[in-house]
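Database features (TrEMBL):
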| type | residues | note |
| --- | --- | --- |
| DOMAIN | B:403-628 | domain 'Histidine kinase' |
| DOMAIN | B:780-899 | domain 'Response regulatory' |
| DOMAIN | B:946-1042 | domain 'HPt' |
| MOD_RES | B:ASP830 | 4-aspartylphosphate |
| MOD_RES | B:HIS985 | phosphohistidine |
| TRANSMEM | B:349-367 | transmembrane segment |
Amino acid sequence: MVDFNQANPYENIRILVLEDESHIRQIIVRLLRQIGFRLIHEAANGADGFKELLRVNPQVILCDIHMEPIDGLNFLRKLRSLGKPEFTRVPVIFLTADAERGTVVEAKDLRVDGYLVKPVSPKQLKQRLDAVLFPAPN
Amino acid sequence: MLTRRWVMFCVLALAVLCGSGGISYWVYHAQRDELVSDAGHELTDATVAFTQALNSVFEPALTLGGTVADSGIRHAPPNQWPTLFFAIATGPVRQFEQMNGAFLGFPDGRFLHVQDLEVAGPKRATGGDRTSRGIYRRIIDTPAINPRGRWQVYDPQTGRAKMSPRVTQAYDPRTRNWYRQVAADGRAHWTDVYQFASSRRLGVTYAQPIFNPDGSLWAVLGVDLSLGSLSQTLLTTSSALAQAADIVFATDLADSVLGHPELASDTTEIRSSTSEFLERYRDPTSFESLAPRQLKEGPPLQMVEAEGRSYLTTKADLDPARAMPMQIYLARDLEQVLAAARAVVYRNVLFAFVAVVVFGVVASYAVKLQVEMALRRQAEAELIEARDIAEAATQAKSTFLATMSHEIRTPMNGVMSMAELLGLTRLDGEQRRMARIIIDSATALLTIINDILDFSKIEAGKLEIEAVEFSLMSVVGGSAELLAPRAEAKGLDLVVHNDPSLIDLRLGDPTRLRQILLNLGGNAVKFTDEGRIDIRVRRIEDVPEATDSAERLRFEVTDTGIGLNEEQRARLFQAFVQADSSTSRKYGGTGLGLSICQRLTELMGGSIGVDSEPGAGSTFWFELPLAAVGDAPPRYPDDLSAASVALVGLSDRVAEVAELYLRATGIERIDRFAAAGEAAGERTLWILRCGAGRLAPEDLGGIEGRIAFLGYRGELADLSPDLKSRASALLTVPVSRNGLWRAVAIGLGLRPAEEIEVQQRDDMAFAPPPVEEARAAGALVLVAEDNETNQVVVRQMLGRMGFACEIAENGAVALERLSEASGYGLLLTDVNMPVMDGFELARAVRAREGEDADRLPIVALTADALAGTEERCAEAGMDGYLTKPIDSRKLGALLAGHLPQGLALRRQVEQAAAVDEEAAAEAAPAIDWDPEIFDPATLTETFGALDEEAKELIRGASAAWPGRIFEIEAGLAAGDVKRARDAAHSLKGAALSVGAKRLGRIAADLQDYLDDGDLDMAGIMAELLPSTLEEFQELLPKIMAL
C-alpha cells in the first residue's frame, strides 16, 4: 500500500489519538506531525474516541488507558467486538503512564498492537508506528 | 514408543512369571510332607478295602467248613455221606469262582470230592481236559476194594448225576499233606501254594478237621482255592479304589508272592511255569522282595527304595480267622504322589502365566485405549477449534461477500459508465485501446462479482434454469463476438464453427449457455498467447436417445495455449482452485468460473470436461441436451447458389469454416487466395482479411466485383478511408454464417450495400436533438432516477447516442410528467427510489394506459441484479431491465428496439467537438486536505476534469444532504426505519458519487446497521453525520475554487 517513491509515507494515513489531557494530546499531535502524519484525528476519551473511530475509520489508533467515561481497555474491547473487519483489524497502540503488570497483561490479552510507556521519545513512537503500519515481509 | 511398551510388558510378564513360579515352588515344598502324609493315610485306608476284598475270597471256604461241620452229616449212615456232602458242597463249588473244589478225607481212607471243571471263564477255557468239563464228583467209599473210586458227572440243568467213564489214579487222602497236617494237630490249616493236579492252577488248600462228638476225628474237610482269583481281586479292588495304590501284592507268611495284579492277566504264563514266574518277585532287588523284608521291622508305613525309585509302602495282615494268613502290601510311587503336587504347581504356574498374559493384554489394551482416547480427545478439541474457526471464517466470508459485492457495484457504476462514455467519444487507436482496457478491466471485475453472486446462488440452490426458445447461432456467435476484442488484443484468431446442418432454434437457457461459453472462451483467450481459439458446436451422433426431442449438442472451446497436466485437469473444476497458484498471480481470476460452469451444465442435464496436454493447448467441452424447435437447418431466404466467392488472406481454419457456411446455403464456386496481391479476376464477392499491414489499396487492383472486409472491429475501424470506400460489407471476426450469407446477397445485388459508417462504434458519438424536437417525434426518453450521478450518467449516455431525455427524480414526478405532457417514447426507471419506486411507477403507468392507448415501453434500471428481479419487473408491466452500471451496447440495442423513431433525429458531432481527453486525464488537481472528506478524483474520473458541470453537481448534491440527514434523524426518532434507511441510501449514493467518501461511508454503514436491525449503532452513526457534513461544507469553497 505504501509508495516509497513518495516522500512522505504517512501523508495519507488516518491516525486517531485518544488522550484526555489536552496538553499531552497536543504534544502527541506535534510528534505525529514531525513524523509526517497529516490526517490526525483527536478525541478526549473512549466514548468520543469511539464516535470518531466510526466517523473517520482510522488506519491506526494511539490510545491512552486511564480515561473517563470509557477507558482505553474498554475502548479496545468495544472496538474489537464491532464485527466490522476494518475495525477489528485496525492496529491500536496504547500510550500510557501505567506500567503496572496487571494492566500490561490485560492489554496483551486484548491483543493490543503496541504498548508504549510515557514519556515516549519521537524515535520510539515512530518505530512502533512503523512496525504496525509497514510490517516487514514475513 | 510402541516397541518400548512391549519390551516393558515382556519384562513385567517375565517377572510375574518368575515370581509366581517361585511362590508355587515354595508352596510345593511346603506341601510335600503333607502330601506324603496324605498319601500314607490313603494307603492305610486302602488296606482296609483290600483286606475286606481278600476276606471275601477266602470266606466261602471257611463258611463251607462250618456248614459241613454243623450239618450233622457225620450222624448219618456212611452210605448217605456222599449224597449229603455233595448236596452241601456242589452249590458253593459252582457258585464261587475261586472255589475249585471241596472234599472230605476220612481216617479210613474214604474220600469224597466235588470238583468244578466247568468252563466258566477264560481261565478255565485254556486248561483242563475238554472232555471232562463240568461238575465232577469222585467217590472213594471202599478204599480197600476200589482205591480209585468212581466218577460222576453232575448236570446242574437236570440236577442229576450220571456215571462218568473217567478213570484216575488211586487216591488216599491220608497220605496228603493237607490231611496229615490237620490230623497231626487237630487244627485248621492253609497249605503252601501249589499247583492243583487237576487243573494245574495255582492255589492253596484250606483244610479243617471235623470231629465226632467224642472228640475223635470224623473227617478232614478240604477246599481248594485258586489264587488266580486272588490276583483278580487285587486288580479289581485296585481299580475300584482309583489307583489309591500304585503297587499292590499279597504274600504268604513266608513272603512268597501269592497275588499280584500282574498275575491276574498272565495266567498262561502262570500255568506253564508258575514257579518261574514267581521267581521274578524273589529277585532281592525287586520291590516285591524288598518291601516285605523292610516292613518286617519298624512302623507299618515306610519309604521303600527300589529300582531307583521311592515307594511309600504299608502292609496289612489278613485275619487268620477269616482268611488265609497272609499280608497285603500297598505302595505308592513317591514320584506319582509328588507328580500330582507338581502338576498343581505347574497348573499354578500355567495359571499365573495365563493370568499375566491376559493381564498384560488387557493392560496394554487399556493403555492403548487411554492413549487413543487422549489422542482422540486432543483431535476432537482440535477439530472443534478448527470447526469454530471455519464457521467463523464462513460467517465472515458470507458477510464479506455480501457487503463486498454491493460495495464494489456502487463505484463500479461510475467507472463502467464513464469508460463507456469515453469509448463513445472520438478517439484515436491508442486512446481507444486505453478506453477498452478500462472497460475490459471493469467488465472483468464485474464478472468476478457476478461469479461470486452466481456461485452463492448455485450453492444455495437458488439458481433456476429456463427453457425458452433461442437461436443457437446468435447465442454462440454473440458470445464469440464478446470475446473478439480480447482475442484481437492478443492477436489471436477466433473461429466459430457452428455445424450448418444443425437446427438453429433450440429450447434451453440461453443466458446460462452464453455464460458458460463466455467463461470457457474467456479462459481460452486468457491462457493463450498466440494461435487460435476455436469454438465449435456439433451434434453428438452416438447417443441413442438423441433421436428424441432433446438432442445432445457438444460445445468445444479449443485453444493453442499453455495446456494443463493431468493433476491440474483433476483439480480444475473445484471451486476457488486454479490450475496452479502461480496462475492466479499471472492471469488473475477468482477460480470460480469453471466451478460455476460445471454446476450450470449439471443443472441443465449435461456434462463438462477438458482434454489437454501441457503446452499442446486445451479443449474444454460441454454437452447439453437442447431440444430442437422445428425441423430444418437455416438457409438464406434467397437463392445464393449463383454466387462465386473468393476468400483472400484468410487463415486455413477460418477459410475452411467460411467455405462450409457458404456451401451450406448452396454456393459452389469458392476460391481461396493466400494474399490480396495474388488475387485477380471477377467474382460475385471478394472477402478480404484486413488488419494492420495486411492490405493496401493497390492490392485490390486486379479485383473485380463486390468487396467485403473481414476483421476484428478494431481492424475494421482502422481501415483507411480509401479501402473503406471500396467495401460493400464489413464482416467481423469471428466470421458468422448470417453475416457471410448477407454479404453474398449484397454481392449478388439482392440486398443494398451496407452503410459502412453506421457499423462503427464511434459513429455512436451523436448529439441529442432538442427536447422539443424529440417530443414532437414521440422519441423523448423519460428517466426516473433519484441518484444524481446516475442522472448525469444516463443523460450523458443517451446524449452520446443521439437521444434526448428528461429526468424525473422519483416515480411520482415521472408519473406527473407523463400525465402532463406527451411525446415520451421510452421510460427508463430506477427501481429503488423514494416516494414512488420503479415498480409502483410501472404499475401506475400501465393502469393509466388502459387497453386502447399506445403502450409506453418501460425498462427498469437496477443495481440489484438479484434473482427474481426479472419476474418482478414483468409483473409490474415492464418490458425489460438493465443492470447498473449500464452497458452502453445494451442501452443502444434497447433504444434501437424500443425507440426506432429516434434514430433519425440523431445529430452527427463534429470531430473537433470531441472532448480533450488527454487534458482530462491530467485533471486530478492537487489538494491539501483529507481526501476522505472530499476526493476530487472521483469526479475527474467521470467528467475528465472538475469542470463547471461537475462543480454544479457537487453544489447541487451537497445542498440536498442536510435534508437527507434531517430525514435520517427524524426517521430514527420516530422509529420509522424505512424513512431513515431511504434517506441514508440516497445520501450514500450521492456522497460517494461526488467524492465525499467519509460522508458516504458513514451513510452506507448507517444503512447496513438499519438493514441488520441494529438501531443502537445506527443511532451512533447518525450522530456522526452532522459533524462530517460540516467538515465537507467547510471545504466546499476550496473545492469550488479548484
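In case you wondered, yes, glycine gets a Cβ from its N, Cα and C as well.
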B:ASP830 (4-aspartylphosphate) and B:HIS985 (phosphohistidine), Cα-Cα, nearest whole angstrom: 14
Set of same-chain residues at least 6 away whose C-beta sits under 8 angstroms from B:ASP830 (4-aspartylphosphate): B:ALA784, B:GLU785, B:ASP786, B:ASN787, B:ASN790, B:GLY838, B:ALA860, B:LEU861, B:THR862
Three-state composition of the domain 'HPt' (B:946-1042), taking helix and strand from DSSP: 86 helix, 0 strand, 11 coil
The residue listed as 'phosphohistidine' CB neighbourhood, other CB atoms within 10 A: 22
Reported mean pLDDT - the domain 'Response regulatory' (B:780-899): 82
Helix, strand and coil totals (DSSP H, G, I; E, B; other) for the domain 'Response regulatory' (B:780-899): 53 helix, 25 strand, 42 coil
